[in-house]
């Protein structure tokens, strides 16, 4: 999770930026995340499925490409590597390990890496992999040792180290107990250095038995609910993507707080943002000559002397009663501070007391932090269970960060939900809904509108029930953001044209018409009078006091008036319609309809009679 100020605008945010305060999250470990894909390159991985289904190798490459592109967009500073084991050729640092091919070193993802992975997909990709790497003996211990060297060669600080093994073989070494023992030993060494090993096993004939070998290789599940997930193989691309995404996504707290349930009873909880609006990234200013990013620096100068002011020399003031109240920075911090950050339980309320109009900002999610206070998970689970049983929410006072104003929040219990693949959809915990103060609610005078009859209301209820569907936020993508990244991807990957994006927010007119049927016409007959067409454009309103004859300009000109214009040289001041009407009146033939042609014809005609 990102920091608080990345999601919510606070009234004190601008002041904190001016004062130079650090607003980073309260993280135990700082640094970059790292992910290594360890892919089995044996011949079994290239066997296509039934009915033209993609092979396990193609599914793996599609997942790797998806993670690469998502990393480029969301967290481009993370490190990613792609390593194949069970190959005929060998390519790794110092070539110390046989049958291990490091395709991509541990580095930031880029457009070239995405193109490399694209080249490994399909029939041509399988042929390229066979020509480049081939399939040979398998030694998972050497592959894990090579991955350990990749981590040790990185001089940057890594906050999270994860290794994902993609294979369809549950017993890669056969009856070779020596290789099994070496792999288990090396996996244990990796886990001691903080590397989390996950198994992304795929379906094979006869089923995948994790207990044969890999149960001793992978790391224990972070949650007890994931134990069954580790035993189930993936047979579809969507299931594999979902599992990788669930493991790969960061779960960083916005802040860690103490939930005080009473005197001396504290529960440590982490505050998470479950959903964040996706926006296009801001443009980066570059120096014209070198294309290097330009760093901006702000300095404050005295308005009279022009001297540079230090932060200690700057004070703040506020006008009250026509008097300027000057305060030091420490005094401002003291005034803004209400209490220490934390959650204080005020009581419990039935769920019926929580209304939809109480929503004033996006809710956050609370989950226990066992490492902070021992026993937090047990007490948190008990509170969650009792709130669900009694159908109540906990009312708490929340101060999310230092110098933040207090808010009242409603802790609404949420139970855990999993899909058919035993992948967690919603975690168990509390949704903290921010409640408004009395000053935030105002009375709005409703506009006076015609009241609908009961028949009209019933007919509209039928229409609404026909068009009702279950809304899911993950089913609709922002077309503007999607098109933006498609364009960037096309430029970075040298594509001829960007991929087409489907606008999922547009209404499906054909399906709507099929669902409604004759209800639309029945509703129109009830609402609109006979003969009224609501789709026709209304007639233009005519101004009162004017008729059509008065609006029409005077077109007729007498012969004397034309001769007077000729003598005075003002014939050109007449408009084209008047000149046309004069030519038609006196029977003058013209070669065109332009003004100069009309003037020439009239001049020649009257000069002949003058």
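The backbone N, Cα and C atoms fix where each Cβ goes, and this holds for glycine too.
Curation does not apply to TrEMBL; its annotations are automatic.
What you see is a predicted model, and the numbers here were worked out from it, not measured in a lab.
Between the listed ranges 1-28, 29-56, TrEMBL ties the annotation region 'Disordered' to 1-28.
In TrEMBL, the annotation region 'Disordered' applies to 530-557, one of the ranges 530-557, 558-585.
Here the domain 'Ku' (306-452) returns a mean pLDDT of 87 for the predicted model. In the domain 'Ku' (306-452), the DSSP tally of helix, strand and coil residues is 35 helix, 52 strand, 60 coil.
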